[in-house]
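Undergrad: What follows is a structure written as structure tokens; I'll ask about it next.
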Amino acid sequence: MALLKVKFNQKKRVKLAQGLWLMNWFSVFAGILVFSMGLFLKIELRKRSEVMDNSESHFVPNSLILMGILSCAFNGFAGKICYDSLDPAKFAKWKPLLKPYLALCFVFNILIFFVALICFLTRSSLDSTLAQGLKNGMKFYRDTDTPGRCFMKKTIDMLQIEFKCCGNNGYKDWFEIQWISNRYLDFSSKEVKDRIKSNVDGRYLVDGVPFSCCNPSSPRPCIQYQVTNNSAHYSYDYQTEELNLWRRGCREALLNYYSGMMSSMGAVTLLVWLFEMSVMVGLRLLHTSLESISNPEDPECESEGWVLENNLKDTFKSALENLKKLGKFNQVEAGAEGAEGEEGGKTPAITTVS
């Protein structure tokens, strides 16, 4: 028994073709939207590529861009088919191509569904990418005189100001690295010498943070240095008082920003997938309803359209059998070629009679 079997007359076939033509052009605009989302996400990721460990995060925008281009191509082609289906003479040239085209549409819809899922599932990989990238970026914060790294201080400062964050996981991350360049340290000072000697790696570590960690909304002037020294500031206790530094780490801030963006794009892509599926089903109904016309010379006669000629179980069995036959056919061909090679390789024996 056919799946989603529908009876059509000429009027219904014309309405279906016209409706599909319109839906295909809406799908072209949806493809442009998906392409634009991918392009926007790629630009946003490139803006902060210096604080990302690798380029794996670009898989999502690249996939969205590709799906957008394919959507425009597939739906533009389908729109032409639907327009020509109103004229039996024009539609005749598309008949041999419809089955392969519908198979490609099916594969395309699987891919676009996969891309939509990836948009929701990339949070963990993005988390590790940002964690390592920010850690490396903070290490290079002081290298303002090193070619290739001199921009890192500005990048980190602008990032902390824009996203209202501090450090990788929090402001205490700055206590574990030397973020002040040796160029600005007085090595004749006893305090500087003692700090460097007290560290195994010879680094100048302080319980301070860059200015970009300061919260301008705080009524108290920013306590940027000696953050953990209560005696250095009047009426201050860093363990109980709400610090006037950003409490959130930049990894969390960026992760929420990008994952929220990707989730929204995933939801839009999922809606586009549903729309594409409805277009593919409609095109299949149009294809079968035109093929099943009993009298091609009478376009006004009734016909039947269906999505699958048999039910899902029978269709699956038939597909498996076809794959098995194809495999056996390839084996037979390979065996025949081997036999021919052996026969061709034999040298006929020549006997001489003296």
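Every residue, even glycine, has its Cβ placed from backbone N, Cα and C.
From a predicted model like this one, the values you see are computed outputs, not experimental measurements.
This is the feature table in TrEMBL:
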REGION    335-354  region 'Disordered'
TRANSMEM  20-41  transmembrane segment
TRANSMEM  101-121  transmembrane segment
TRANSMEM  255-275  transmembrane segment
Undergrad: Can you name the far-off residues of the same chain, 6+ from the ends of the transmembrane segment (20-41), with a Cβ under 8 Å from a Cβ of it?
TA: 60-72, 75-76, 78-79, 82-83, 261-262, 265, 268-269, 272, 275-276, 278-279, 282-283, 286
Undergrad: Excluding the flanking five residues on each side, which residues at least 6 beyond the ends of the transmembrane segment (255-275) place their CB within less than 8 Å of a CB in that stretch?
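TA: Distant Cβ neighbours of the transmembrane segment (255-275) are 23, 26-27, 30-31, 33-34, 37-38, 41, 44-45, 57, 60, 64, 67, 71, 109, 112-113, 115-120, 122-123, 126-127, 130, 163.
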